[in-house]
């Protein structure tokens with residue numbers, strides 16, 4: 001189709017939309033030719049009819065070919081659509097048959113039954129071995145943890161035994177002396193006041209605490 005053939009398509013489509021079908025459109029067109037042109041009288045008697053028939057024959061093959069092409073295209077589309085539907089139906093049918101086959105009870109021969117039972121027993125034995133190994137590892141870990149905890153408790157008990165327990169005066173009872181203390185006073189009671197006793201006071205750092213504490217010596 002050339003540019004000349006389709007350049008007025010928009011105008012003719014707009015005109016056709018204002019009519020009720022092709023017959024109504026042709027009535028308007030031939031009425032226009034009769035009223036505004038010499039189409040019917042300018043070419044002599046019968047010339048107008050011959051011209052219309054010639055133009056009809058000129059474009060009729062194109063119209064028929066286009067109609068046939070459109071019909072073939074629609075048929076091809078319909079064929080492809082049916083093929084897709086048939087393929088989908090077969091796939092669904094195959095899936096249903098597979099489900100039915102899976103749900104059916106299959107009767108085994110004696111040989112197949114023995115082989116299946118052996119496979120089941122082997123799997124059970126393997127699972128039991130894995131479970132036993134896992135339990136042994138867990139028991140070992142628990143035992144190690146319990147042993148470490150017991151050792152820690154024994155060590156704490158021995159350390160607690162070696163600690164010097166305070167007396168009623170928040171001090172301590174030693175072999176040769178006892179001492180008590182408050183916030184402002186430290187009291188030492190010596191069984192025997194000797195040079196060794198005085199040295200004992202010095203060795204315990206009492207001389208360095210004289211600025212903060214007051215010492216009271218009592219003799220038994």
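Glycine residues also receive a Cβ, built from the backbone N, Cα and C atoms like all the rest.
Just so you know, TrEMBL annotations never went through curation; they're auto-generated.
Marked as compositional bias 'Basic and acidic residues' by TrEMBL: 68-92.
Look at TrEMBL and you will find 132-153 tagged as compositional bias 'Polar residues'.
Under the heading domain 'NudC N-terminal', TrEMBL lists 8-41. Only residues 6 or more beyond the boundaries of the domain 'NudC N-terminal' (8-41), in the same chain, are considered here, and those with a CB under 8 A from a CB of the stretch are 48.
Annotated domain 'Nuclear migration protein nudC' per TrEMBL: 100-163, in sequence order. Predicted-model confidence for the domain 'Nuclear migration protein nudC' (100-163) is 71, expressed as mean pLDDT.
Sequence annotations record features per position, and here TrEMBL assigns region 'Disordered' to 63-104 (among others). For the region 'Disordered' (63-104), same-chain residues at least 6 beyond its ends with a Cβ under 8 Å from one of its own Cβ atoms do not exist.
Per TrEMBL, the feature region 'Disordered' maps to 123-177 (among others).
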